[in-house]
Amino acid sequence: MASSLTCTGVIWTLLSLLCAAASCVGFFMPYWLLGTQMDKPVSFGTFRRCSYPVRDEEKQATVMLEQCGRYASFNGIPSLEWRICTVVTGVGCGLLLLVALTALMGCCISDLISRTIGRVAGGIQFVGEFTMSKLFQS
């Protein structure tokens, strides 16, 4: 199997795949914030939530729905900040996946990745990680 990567490039590819996978799993899981509400454990992420209150019209009361679900629409996400977080994190994950999959193809195809393309890919990775790390710090 021909490769356009050095040994360092192959290690970079494997680490890129691991980081992209971890970032995407973290993005899709609803366990960003954990807590309790109405004596029930609750959690939510950027566009998913588990155990959330709903209005029961028959009982005329608020009850906890103990299941996970997505918001019905993008505008259903509770605040503007969470909407921005969803978009920026999704873009960051997309950039990381783009670079990781391109590097993976470079392991299989000769002359696919040159020194310039490697540097550009590293810059794209930096932007992807930078956007995600800034969100998690705030």
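Using N, Cα and C of the backbone, Cβ positions are placed for all residues, glycine too.
As annotated by TrEMBL, signal peptide applies to 1-21. A Cβ distance under 8 Å defines the sequence-distant neighbours of the signal peptide (1-21), meaning residues of its chain 6+ beyond its ends; these are 93, 96-97, 99-100, 103-104, 106-114, 118, 125, 129.
TrEMBL lists 87-109 with the feature transmembrane segment. Taking Cβ pairs closer than 8 Å, the transmembrane segment (87-109) reaches residues 1-5, 9-10, 12-13, 16-17, 19-20, 23-24, 27, 46, 121, 124-125, 127-129, 131-132, 135 in its own chain, all 6 or more past its ends.
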